[in-house]
Amino acid sequence: MKAIFNRRVVVDSSSRLTKLLANPTTHSHLNRQTFTSLYKPNQSRHFRTHYLPSSPSSPPVSRFDPSQLWRSEKIRGFFASALGNKAVKLGNLVESRVGFIGSQFPKKGFEFQRFSGFQRRGWKHWLQGLSDRDVVLGLVIANAGVFVMWRVFNQQFMMNNFMISLDNFKSGRLHTLITSAFSHIDIGHIVSNMIGLYFFGTSIARNFGPQFLLKLYLAGALGGSVFYLIHHAYMAATSPKGQGAFVRDPSRTPGLGASGAVNAIMLLDIFLHPRATLYLEFFIPVPAMLLGIFLIGKDILRITEGNSNISGSAHLGGAAVAAIAWARIRKGRFRF
């Protein structure tokens with residue numbers, strides 16, 4: 001308010017002096033023309049239009065009277081000082097208004113700082129903010145989402161992007177090494193895998209953190225896919241050719257499911273707690289060590305028989321990842 005009052009005093013005084021000294025019409029226009037030419041043209045017009053009192057315009061003066069030079073210099077100096085004071089006070093007024101508005105409306109920089117901080121720290125910082133159950137439920141929801149996609153999206157699109165096979169791998173669809181571990185078609189398949197993921201995954205996340213669990217899941221998925229491809233490449237190279245239309249080509253046989261990833265999580269928990277009691281088929285109590293031996297032996301048998309719809313090679317890939325993770329933990333390297 002003080003800045004506004006001062007500006008009004010300066011403007012009123014300058015306007016009154018202009019009227020007193022500008023009785024002759026020629027002098028009034030002469031002074032106004034001299035002031036405009038010596039000060040910056042754009043700024044003088046701007047301030048004069050918005051802050052100086054308006055007066056009727058007259059025809060421009062084309063001649064200069066030398067007798068009014070001294071008087072013009074004094075008036076010009078007065079107006080220049082008045083304009084300078086007014087410009088300073090105008091700046092103070094703008095700053096005070098900006099400060100007032102800023103105090104009434106606080107800065108909304110939290111979201112930007114939060115986003116920039118997320119960019120700087122990346123996924124690692126984001127994962128550290130998640131709880132153990134958050135990661136487990138997130139993996140379950142991701143698997144359930146792909147399960148729904150099988151019933152909504154085009155089947156060929158799903159086979160090309162959510163199933164692992166030698167054809168997909170040779171075609172450059174390397175993302176299927178991971179996406180196939182989130183893919184299920186049969187309801188019984190996804191239910192059994194998600195139950196194992198929930199119970200054993202919660203135990204692993206509680207002991208080593210959610211970031212470790214996510215890395216273990218992805219490593220198990222990758223290990224299961226690699227073992228699956230190696231096994232089917234071997235079968236494609238050794239299988240007889242031209243045995244009829246009903247012989248499956250191993251290079252074109254696709255696979256899917258989270259079994260490799262879940263097997264890595266489950267077997268790591270078994271390796272860490274071999275004397276714990278687990279329940280086979282949900283109601284048969286057996287020592288964890290015996291259950292682990294039984295599961296690995298059954299997968300080896302599936303590979304040797306070669307006619308099972310369950311991929312023993314993918315399960316063994318998960319078991320290999322679990323063994324590597326267990327060895328690193330034994331050496332004190334908790335970061336997988």
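Cβ atoms here come from the backbone N, Cα and C positions, even for glycine.
Annotation source Swiss-Prot lists transit peptide at 1-85, citing sequence analysis.
Annotation source Swiss-Prot lists transmembrane segment at 135-155 (among others), citing sequence analysis. Counting residues 6+ beyond its ends, the transmembrane segment (135-155) has Cβ neighbours under 8 Å at 127, 162, 179, 182-185, 190, 193-194, 197-198, 201-202, 205, 210-211, 213-214, 217, 258 in the same chain.
Panel annotation: around the transmembrane segment (185-205), residues 132-133, 135-136, 139-140, 143-144, 147, 150, 212-213, 216-217, 256-259, 261-262, 265-266, 268-269 of the same chain, lying at least six beyond its termini, place a Cβ under 8 Å from a Cβ of the stretch. Annotated transmembrane segment per Swiss-Prot: 185-205 (among others), in sequence order.
Residues or ranges marked as transmembrane segment by Swiss-Prot on the basis of sequence analysis: 216-236 (among others). Tertiary neighbourhood of the transmembrane segment (216-236): same-chain residues 139, 164-166, 169, 176-178, 180-182, 197, 201, 204, 249-251, 253, 255, 258-265, 268, 303, 306, 311, 313-318, 320-322, 325, 336, selected by CB-CB distance under 8 Å and a gap of 6+ residues from either end.
Sequence-distant contacts of the transmembrane segment (254-274) (same chain, at least 6 residues past either end, Cβ-Cβ under 8 Å): 143, 159, 162-165, 167-168, 180-185, 189-190, 193-194, 196-197, 200-201, 203-204, 207, 213, 216-221, 223-225, 227-228, 287-289, 291-292, 295-296, 310-311, 314-315, 317-319, 321-323, 325-326, 329. Marked as transmembrane segment by Swiss-Prot on the basis of sequence analysis: 254-274 (among others).
Sequence annotations record features per position, and here Swiss-Prot assigns active site, nucleophile to S259. There are 27 other Cβ atoms within 10 Å of the Cβ belonging to S259 (active site, nucleophile).
According to Swiss-Prot, the transmembrane segment annotation covers 276-296 (among others), on the basis of sequence analysis.
Summarising the annotation, Swiss-Prot assigns transmembrane segment to 307-327 (among others).
Cβ contacts within 10 Å of H315 (active site, charge relay system), excluding its own Cβ and spanning all protein chains shown: 28. Among the features that Swiss-Prot reports, active site, charge relay system is placed at H315, with the record citing similarity to another entry.
H315 (active site, charge relay system) sits 6 Å from S259 (active site, nucleophile), taking the C-alpha atoms as the reference points.
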